[in-house]
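Participant: Just dropping this structure here.
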Ligand code: SF4
């Protein structure tokens, strides 16, 4: 999927490290590099040297956001980091992360991946208690709530109290003074994992960030779990603060957002994508001369699809028939339909020799607005494809995401109010099929009930205003009642 042009965007990547006897800044910097695909608008690191916090947060890519001098200034062996892609309209440094602040209860740094659905209620309540907010982001709401709870409770109980009040999707890395912790919401919507390094431990959105530091993946942080890294880098403590009967892992992480070389909730993303491709052949395989991916993320789907076809004796050949111009990037993010259409032609070029006179199956991971797909089909016909079949390695996206993915509105989503046949006609393909929800669950080796499927079913795992939920869930009542915890 050409994500810069029309696809959904992951909004954030988070990381935290605690090292024995080494500055945390450079390992954090490399880890953020490995998570760059999760957010390109801003990058930041906050460290602690045992006495005070040091922070550097800048707009732009990781490679541009830090100089050698910036990294040298981030003293201390513990720290957290963040990459962010904010929604359009709120591109400014006040929302860039990590969010860092000093309270009576000590210094706090917070990196957040996800989105709260009750941040407004908590913000209003805290504002009534005199808390002054500097941004409109929900991360600052979590920081203020935690700071307030830390006035009365120890770290573990304070986190538990805050978890009892916030509702929505969150994977957090937090630094309280020189202690680094990681928290995953009770449904485990967004990923977070623990890794062991030669001289410490790391928490990261994806295991690729552990790999880049030559570390070993220990395991995923469990839904509802708090992990506290030892200050000396020697280990970590685990606290299962909230039990939940069902998880709500975002299936789209596997389909689209995460790096294929990351392992999330027990599965290598690359393997899942290949299995999704195999399932796609099982459900809607079509005879054709060539099967080709939409680069880059369609590649694993297409190879799984072709392999499954060949296993059944079909003579379909896997080929790279669309070449991506790697140098067309974010400069071509343009808001108008006309600009998007032009950008597709600059970004992807079909190889005439692979396509001419052939029946072609194109595999993509999603169709959002349909513009890119229609352009692709047109491009392939222009260079002589006899037929173009379109296969999508996920169910149709029919509804927006409220959990931290910049998806699109219902008005923009082509599948929100169109049938598959209507979409086929709109994009001009000879045939079109999506993958079923059941096949996604099979490929992820998870029960459907333990996945978030909100954007493809319109039923969400959280209590969201104006939307229906797929489970028995209610927002916590936010008020001044004494916390029912501890
Ligand atoms: S709505 Fe879709 S993109 Fe958002 S968390 Fe759920 S599965 Fe992921």
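Cβ from N, Cα, C; glycine included.
All annotation found in TrEMBL is predicted automatically rather than curated by experts.
Summarising the annotation, TrEMBL assigns active site, nucleophile to 12. What TrEMBL lists as [4Fe-4S] cluster binding site is 250, 401, 452, 455. Sequence annotations record features per position, and here TrEMBL assigns Mg(2+) binding site to 297, 364, 365. Summarising the annotation, TrEMBL assigns compositional bias 'Basic and acidic residues' to 468-477. Residues or ranges marked as domain 'Glutamine amidotransferase type-2' in TrEMBL: 12-232. Sequence annotations record features per position, and here TrEMBL assigns region 'Disordered' to 466-486.
Could you place these features in context, so I can see how deep they sit and what lies close by?
Facilitator: Taken residue by residue with DSSP, residue 12 (active site, nucleophile) is part of a strand. Counting only same-chain residues six or more apart in sequence, the Cβ atoms lying under 8 angstroms from the Cβ of residue 12 (active site, nucleophile) belong to 38, 39, 82, 83, 84, 85, 97, 111, 112, 113, 114, 205, 404.
DSSP classifies residue 455 ([4Fe-4S] cluster binding site) as helix under the three-state reduction.
Secondary structure at residue 297 (Mg(2+) binding site), as computed by DSSP, is coil.
Below 8 angstroms of C-beta separation, residues 117-118, 121, 164-167, 246, 449, 453-454, 457-462 of the same chain, each at least six residues beyond the ends of the compositional bias 'Basic and acidic residues' (468-477), sit close to that stretch.
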Participant: Could you state the whole-number distance in Å separating the C-alpha atoms of residue 297 (Mg(2+) binding site) and residue 452 ([4Fe-4S] cluster binding site)?
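Facilitator: One finds 21 Å between the Cα atoms of these residues.
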Participant: Beyond 250, 401, 452, 455, what residues of that chain have CB atoms within 8 A of the centre of the [4Fe-4S] cluster site's CB atoms?
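Facilitator: Those within range, site residues removed, are 189, 251, 252, 403, 405, 407, 453, 454, 460.
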Participant: Run through the Cβ atoms and count how many others sit within 10 Å of the one on residue 364 (Mg(2+) binding site).
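Facilitator: Total other Cβ atoms inside 10 Å, all chains included: 24.
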Participant: Going by C-alpha positions, which of the binding-site residues (401, 452, 455) is nearest residue 365 (Mg(2+) binding site)?
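Facilitator: Sorting the binding-site residues by distance from residue 365 (Mg(2+) binding site), the top entry is 455.
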Participant: Look up residue 250 ([4Fe-4S] cluster binding site) in the DSSP assignment and report helix, strand or coil.
Facilitator: strand
Participant: Rank the binding-site residues 250, 401 by the number of other Cβ atoms within 10 Å of each Cβ, and give the residue at the low end.
Facilitator: 401
Participant: Calculate the distance in Å between the alpha carbons (Cα) of residue 455 ([4Fe-4S] cluster binding site) and residue 364 (Mg(2+) binding site), and round it to a whole number.
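Facilitator: Rounded to a whole number, the Cα-Cα distance is 17 Å.
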